[in-house]
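Take a look at the structure below.
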Amino acid sequence: MNETVLKKRKFQMTLLFLGVIVLTYLSAWITDYGFISSLEAVPGAMAWMASNLLVNGEALGKLPDIMDKLIETIFMSIAATTIAAALSLFLAIMGSKTTMVNRAFGTFSRFVASLSRNIPVVAWSLILLLSFGQNSVTGFLALFVGTVGFLTRAFIETIDEAALGSVEALRATGATYWQIVSKAVVPQGLPQMVSWVLFMIETNIRSATLVGILTGTGIGYMFDMYYKTMNYEVVALITITIVLAVILIELLSTRIRKVIL
Amino acid sequence: MALLEVNGLMKSYQPGNPILKDVSFSVEAGEFVAVIGPSGAGKSTMLRCLNRMVDIGEGQVFFDGKDVGAQNKKGLRDVRKHIGMVFQHYNLVPRLTVIENVLHGRFGYKSTLQGVLGRFTEAEKRKAFDLLEKLGIAEHAYKRCDQLSGGQQQRVGICRALIQDPKIILCDEPIASLDPNSSKVIMDHLKTISIDFGITCIVNLHQVDVAKDYANRIIGLKKGEVVFDGPSPLLTERFTDEIYGMKTVVETRELITV
């Protein structure tokens, strides 16, 4: 009995594995992707990077400008994330099954969250570019909209997980809705929520570069400009500063998370 | 009129699958009532119908002369603030301190704004500490609840119910997740409360022997119907057999010793 179950399990695993191989082969065949030829291209690409992406003294002269734009981008990401977090908290309280006021509000807020989450941030920036033009508001809004979607979803799960029992208990004492939200749901969920906000700030600083390229704002625009004028030394410098900034922010938020959780 | 009167209470979550069928009983002030019955008999649902944590299907519940089912939002809040509730999983806010959790019991008496801002009077704070003292956990007042043991957390839960100045306390399996020692402490406290403060207690239990030891009166539920309602000494093996639909605990114990 037991042996046949195990044999069946093994057979299923083999089948799955074969399936993945066939699927990979098929996709490569359909898209004309040559595995060997792409491997052959790697050394050449490496050599190009090594000879072109070198920071020289002239590029270093641009550093103050780059830092300006970088700091602008970082602060824009932080502002977009924190403002989005405030809205998300409200939407999540409305959308969570535990703290839902009524079905209509709940469905509405989950719909808003899902809509803004499932349209990728790149698409948002292009859509907003058409309506708002090329300025930093567009970049801000693109990050804002995507963040609201993600954070609402994360907050809803935090609330559902954290507060079910205490909400019931406070309801039984005759507490009002906002008393329950402010004294049971928020205190219990806050550390988790702050952690999500920090994660989102990290993500947004990364996406801000891409959004900047598309909407012509911040460090992304600078990157795009020097890239298109083939000034690769500066491009290299910009890339390095972005990487360092992201690493720094990540270390910082890991620290904060350790303290609050 | 009795403090609590339940007339023909029915409840079903899905049509055609009733959890409670025509439950009627009344409880006088000061009684200590245990509700026993197997899992799924409807004990929890019945208890939650009394303060309308679960909406009443059919029938009426009268608490202190008020028809619980007919209350609007404000009226229901008024009813609930006089009914304490104690839960199997304590239902505290784990990240908040013991004293904060106890003071949560006062929200029913406060406006929304007072509650949100956490404005409690000196008298309320003193009362909270007195209660913690009485239940023997005053030294933990400033600890976070998630640092306490299960038995201690349940005592915090009882304090939160008591600070409401309740006329009745509903306990839903208060000792089901506790070890025997803590269970005894909790049951002793509940008994003391009902005698010293004169607060009525309705306790859902699934340990028949505990029910017989502590309660003056036992209500036996089976498949949503009251099959026994009377003074504890009258709950004989014949009834426990009927309630649980099997050989009683006592007999199994005999079998094991043989």
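Counting begins at 1 with the first residue displayed.
The backbone N, Cα and C atoms fix where each Cβ goes, glycine too.
Owing to the predicted nature of the structure, the values given are computational and were not obtained by experimental measurement.
From the options A:115-133, A:172-190, the stretch TrEMBL describes as transmembrane segment is A:115-133. Among the listed stretches A:12-30, A:115-133, A:139-156, A:235-253, the one sharing the most Cβ pairs under 8 Å with the transmembrane segment (A:74-94) is A:139-156. Away from its own ends, the transmembrane segment (A:235-253) comes close to residues 52-55, 59-60, 62-63, 66-67, 70, 74, 198-199, 201-202, 205-206, 209, 219, 222-223, 226-227 of its chain (Cβ-Cβ under 8 Å, at least six residues beyond either end). Proximity of the transmembrane segment (A:115-133) to the transmembrane segment (A:139-156) is established through 3 or more Cβ-Cβ distances under 8 Å for residue pairs spaced 6 or more apart. Non-local neighbours of the transmembrane segment (A:139-156) in the same chain are 76-77, 79-81, 83-85, 87-89, 91-92, 95-96, 109-110, 112-121, 124-125, 128, 132, 189, 193, 196-197, 200, 204, 207-208, 211-212, 214-215, 217-218, 220; each lies 6+ residues outside the stretch with a CB under 8 Å from one of its CB atoms.
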